[in-house]
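Beneath this line is the structure, given in structure tokens, with notes to follow.
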Amino acid sequence: MSLLFDPGFVILREDQSVKLFNIILVMSQVFGGLAVLLVTIWMSKFESGFAWNEDPDKEFNYHPTFMIMGMVFLFGEALLVYRVFRNERKKFSKTLHVILHSCVLVFMLMALKAVFDYHNLHKDPSGNPAPIVNLVSLHSWIGLSVVILYFAQYIVGFITYFFPGMPIPIRQLVMPFHQMFGVLIFIFVSITVAMGISERAAWKHTCWTKEGQMCAQQATSSFVGVFTFLYTVCVLLLVLNPRWKRQSLPEEEGLHHLTSSHSMSD
């Protein structure tokens, strides 16, 4: 694996490398789009659609939908910004990176509200309040941990790289940790999604738990997980290959040297 991502280990010519990048990029968009499409079909067709807190059972359906849209697809797109737009000015890429992560944060918060409302406002068949205890499953424990880590990553990244005035040496010191934790959180998101899909299927899909057969609902949920994993793999291949890493433009190199010299003289 270390050899695969060694920038000095070159098998493909530059034109072949660019072609491979584009192929994996297209595959990532197809897999990510299918994951979003299928989770929407799963929740709208097989799980009775969407509503807000007037119908907690339907409000829950926003949870997996928004998590796939935000924490999987938009998170992955945010990671890809510096690869897809590696020949654009850094200010453009950085702004788009922050916008996408901010959208992820919004989707994440709405998804969390949906699942907590579902638990807290749950009613029994007679219509009486029957709250479900929060945070008891392994999925919820790991999911909450991922949410906290993501929020911390967002705050640290925003202050360090988007908020003006942070010294360049500090940015350089934080960067490898920022990149590493971003990738790790993204991987754990995919794992958490798989756990959530399995948990929901075990509770709600009676075709295989009681009838012992595959059904469209179960197949749809399983394909959501498959395409989530495939999207994750494609994003990681694109992000971890140093050959596709964004390189500073000539004008940015000059500005960096001027800024560094000014900092040293101070």
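Any Cβ shown, glycine's included, is placed from N, Cα and C.
Membrane topology as recorded by Swiss-Prot puts Asp15 and Pro167 together on one face. Long-range neighbours of the transmembrane segment (142-162) within the same chain, counting only residues 6 or more positions beyond its ends whose Cβ lies under 8 Å from a Cβ of the stretch, are 71, 94, 98, 101, 104-105, 108, 112, 135, 170-171, 174, 178, 181-182, 185, 188-189, 191-192, 195-196. Its Cβ taken as reference, His139 (heme b 1 binding site) is surrounded by 19 other Cβ atoms within 10 Å in the chains shown. For Lys90 (heme b 2 binding site), the spatially nearest entry among the binding-site residues Leu135, His139, Glu199 is His139, judged by CA separation. If you look at the transmembrane segment (177-197) against the transmembrane segment (23-43), you find fewer than three C-beta pairs under 8 angstroms, all six or more positions apart, and that falls short of contact.
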